[in-house]
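K.L.:
In case it's useful when we look at the structure, here is the feature table from TrEMBL:
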- 5-145: domain 'Photolyase/cryptochrome alpha/beta' (DOMAIN)
- 256-260, 297-304, 395-397: FAD binding site (BINDING)
- 328: site 'Electron transfer via tryptophanyl radical' (SITE)
- 382: site 'Electron transfer via tryptophanyl radical' (SITE)
- 405: site 'Electron transfer via tryptophanyl radical' (SITE)
- 499-531: region 'Disordered' (REGION)
């Protein structure tokens, strides 16, 4: 009887109290509740060889966001008479959880289900141990609107590969849990366990990060709910939200809600967000519809979760049946120039510097740099860009990040490879004076606006007056866009001609039928989700 009254809620994502079915189930009938989070060395172990401070898999900005989210969760639990039990895994998180289950005599284990390959292997190990030990296990689906496994089952055992087919199968998502509670069962005896305070970024041992800029986006459920409420207060803005409209150069006040990192860490429930959007829709006469609406963006998120869950090797080109096999180039120098914001194209470099400093940039900015690296200018493998985004983005999400790189590289979902973002004119139409560039690349702050997007064309006298000599203070372009983009189109055309989709060769530009099927171009329909 004593074991049956001890319950553990194991936090991984889902770092919130509201609409948290795992927490709700764990508290019910529990005499003692153990709210646990385990620090995972796979994501947090310092890597001195990384291109910027952090671990091999996470830059400082995302680590800080996670730690802020944990601190906020701990504070919210403490207000309910509980607290977050923070453990550190020596190597394997599953081993740490299994040891705690045994040592604390847990009778019920509750945690939110996860569909990422690493998480599936980790969770199976824990579930096998729990079931062998007679521990009741409850793993609700609450990170997404829908259960990806159910969608795939409804679609005959295969994931739907178009947004439209996904939406028609999915229907309306379940309602969020709206019950609020102010008290949780007391924390049980933890014995000899070392319970850690939430560490600082500095305490994790990433070296000297004193010069690292702190991202303006603070982690945690409190900030997530505040930001959501602020965004949804403007009914007209919500009703008229239409992707891809928005200014990718807006940085002091981004032209989106910036709720994607809060959804990634589960500080904000996607079902609760969707529910609140629907409340706004009911209060207005007209509103935009999926795929471009705000609710439509949440459906995009679930679409990628479903496809990724049902597609083996979704995160790579080889062995991925929905990915075109394209002979990408390997060029470490070009890759490093792109990653570090040294391409010589200020629009591209400013975006990559914002990514490094803030862990975030607007979705159209992401489109620009992803296209530039892959099919637009450098013809470098999308997996290389994916890895950089995965490490540096605070909203890095395995399913969405891989799905969008497949999309933007025209390796899957989208096939109009001849549509290429100009690294010069695309940014200029939003920000002709180059304020965004001047902020993130201070060496160019005095360059006249006529040359801010193409500083290599400025006469030497202008460069001297601006205190920025091209080739010395700021790099020359690493590729010539006109030549490189033509070469990329040619190589993509050859790859498409030799590739097969549904058994039929695709030659050159997509057919009219395919154009109708993919009715939106990549600037309107590609869902790099940072609404």
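Cβ atoms here come from the backbone N, Cα and C positions, even for glycine.
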K.L.:
Closest of the recorded sites to residue 302 (FAD binding site), Cα to Cα, picking from 328, 382, 405?
P.N.:
405
K.L.:
For the recorded positions 300, 304, 328, 382, which one has the sparsest Cβ surroundings, going by other Cβ atoms within 10 Å?
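P.N.:
Counting other Cβ atoms within 10 Å of each of the recorded positions 300, 304, 328, 382 gives the minimum at 328.
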K.L.:
Roughly how many Å lie between the Cα atoms of residue 405 (site 'Electron transfer via tryptophanyl radical') and residue 304 (FAD binding site), rounded to a whole value?
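P.N.:
Given the Cα positions, residue 405 (site 'Electron transfer via tryptophanyl radical') is 12 Å from residue 304 (FAD binding site).
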K.L.:
If you count the other Cβ atoms within 10 Å of each Cβ, which of the binding-site residues 256, 260, 396 comes out on top?
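P.N.:
When each Cβ's neighbours within 10 Å are tallied, 260 tops the list.
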K.L.:
Hey, how far is residue 382 (site 'Electron transfer via tryptophanyl radical') from residue 328 (site 'Electron transfer via tryptophanyl radical'), Cα to Cα, in Å?
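P.N.:
Per the Cα atoms, residue 382 (site 'Electron transfer via tryptophanyl radical') and residue 328 (site 'Electron transfer via tryptophanyl radical') stand 8 Å apart.
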K.L.:
Looking at the domain 'Photolyase/cryptochrome alpha/beta' (5-145) alone, can you tell me the average pLDDT?
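P.N.:
Residues in the domain 'Photolyase/cryptochrome alpha/beta' (5-145) carry a mean pLDDT of 97 in this prediction.
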K.L.:
If you count the other Cβ atoms within 10 Å of each Cβ, which of the binding-site residues 258, 298 comes out on top?
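P.N.:
Sorting the candidates by Cβ neighbours within 10 Å, the top entry is 298.
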K.L.:
Taking only the Cα atoms, work out how far residue 300 (FAD binding site) lies from residue 328 (site 'Electron transfer via tryptophanyl radical'), in Å, as a whole number.
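P.N.:
If we compare the Cα positions of residue 300 (FAD binding site) and residue 328 (site 'Electron transfer via tryptophanyl radical'), the gap is 27 Å.
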K.L.:
Just the number: how many Å between the Cα atoms of residue 256 (FAD binding site) and residue 328 (site 'Electron transfer via tryptophanyl radical')?
P.N.:
33
K.L.:
Reported as an integer number of Å, what is the Cα distance between residue 260 (FAD binding site) and residue 328 (site 'Electron transfer via tryptophanyl radical')?
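P.N.:
Cα to Cα, residue 260 (FAD binding site) and residue 328 (site 'Electron transfer via tryptophanyl radical') are separated by 30 Å.
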